[in-house]
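Following: one structure in structure tokens, then a few remarks.
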Amino acid sequence: MAHQPSLISLQWFSILLVCISLFSWTIFAASPDAPLTLDYYKSTCPTVFEFVRKEMECEVNSDPRNAALVLRLHFHDCFVQGCDGSVLLDDTISLQGEKKASANVNSLKGFEIIDRIKNKLESECPGIVSCADILTVAARDAVILVGGPYWDVPVGRKDSKTANYDLVRENIPTANEGLLSIIAKFLYQGLSVTDMVALAGAHTIGMARCENFRARLYGDFGATDSYLRNLKSICPAAISSSGENNVTAMDNVTPNLFDNSFYHTLLRGEGLLSSDQEMYSNVFGIETKKLVRKYADDPLAFFNQFSDSMVKLGNITNSDSFVNGEVRKICRFVNT
């Protein structure tokens, strides 16, 4: 018989999580505030927000999935040495980028969207707006354009001259990772358990590759027969080169609308990714389970927390980039 944790052990674990959260918050709160402001470009490129918004409107109108692509790029950028545009760098003879790391290589798309915005913005405000800021603002606009909430985006980031291939593996949560491990990764970034559950709500517009949900699909996936048959037709049990890259929506009800439907899939036990379903089903997920229920019941509470958590995510900065960084002319390459 599988060992079941006692009530006492669960209580002690909850206390431990709170202590870790407070400790992590204290470390980051004690750090100097990043030099980001809402009016950073007021005199140098006053139309930057309007410019990025119009470009993102074109991108999302052409394909609603572009919203999720840009949002995911922003998340993966910020979780590796801060929101510094390092995820956008291509490999060169002298620099190993992050794009080919295992957590990114088949997951990240949409780089050309940022390229197009940057190229056009260089004509408007040459050498002024960093790629890191463009990506951060574009992620906010992407959410709005598919029905999500608004939040102010402080700007003034610099683009890093470095990337960190190894840190991708260490910092980016994966589809089959356990709840406690993912919580630890968020705490390391100065983000709370509440931030984690709220930011996971971005999966309401996300797509998942067969490779990332096959184990769950043919394991303990508790879906209706029709939904299960559909998923198995997309993702066959046998591993094959043709099936690995097949994708499906993580929110099968309103996949192109940013809403709280994602949390309802977790309540039904139909979270496509094991790491998502863990927030509701894991025996240690006492706090995460409450939050999933809260956001499922109250879309306004979800929107408010998501906005707050996105600001915190965007404020994870690379202190080195403010000293040694730059404003790249082309987002894929360090200036020469």
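Note that Cβ sites are derived from N, Cα and C of the backbone, with glycine treated the same way.
Other Cβ atoms within 10 Å of the Cβ of Thr204 (Ca(2+) 2 binding site) number 28 in total over all chains. Annotated Ca(2+) 2 binding site per TrEMBL: Thr204, Asp251, Thr254, Asp259, in sequence order.
The disulfide bond annotation in TrEMBL covers Cys45-Cys125 (among others).
According to TrEMBL, the feature disulfide bond maps to Cys78-Cys83 (among others). In sequence order, His74, Asp77, Ala132, Leu135, Thr136, Arg157, Leu313, Gly314, Asn315, Ile316, Thr317, Asn318 are the residues near Cys83 (disulfide bond), counting only same-chain partners six or more apart with C-beta under 8 A.
For Cys131-Cys331 (among others), the entry in TrEMBL reads disulfide bond. Long-range Cβ neighbours of Cys331 (disulfide bond) (same chain, at least 6 residues apart, Cβ-Cβ under 8 Å): Gly85, Leu88, Leu89, Phe111, Ile114, Asp115, Lys118, Cys131, Ile134, Asp159.
The disulfide bond annotation in TrEMBL covers Cys210-Cys235 (among others). Under a cutoff of 8 A between CB atoms, and with a sequence separation of 6+ in the same chain, the neighbours of Cys210 (disulfide bond) are Ile234, Cys235, Pro236, Gly243, Glu244, Asn245, Asn246, Val247, Thr248.
Feature annotation from TrEMBL assigns signal peptide to 1-29.
Per TrEMBL, site 'Transition state stabilizer' is recorded for Arg72.
Neighbours of Asp251 (Ca(2+) 2 binding site), defined as other CB atoms within 10 A of its CB across all chains, total 25. Among the binding-site residues listed (Thr204, Asp251, Asp259), Thr204 has its Cα nearest to the Cα of Cys78 (disulfide bond). Around Cys125 (disulfide bond), the C-beta neighbours below 8 angstroms that are at least 6 residues distant in the chain are Tyr41, Thr44, Cys45, Thr47, Val48.
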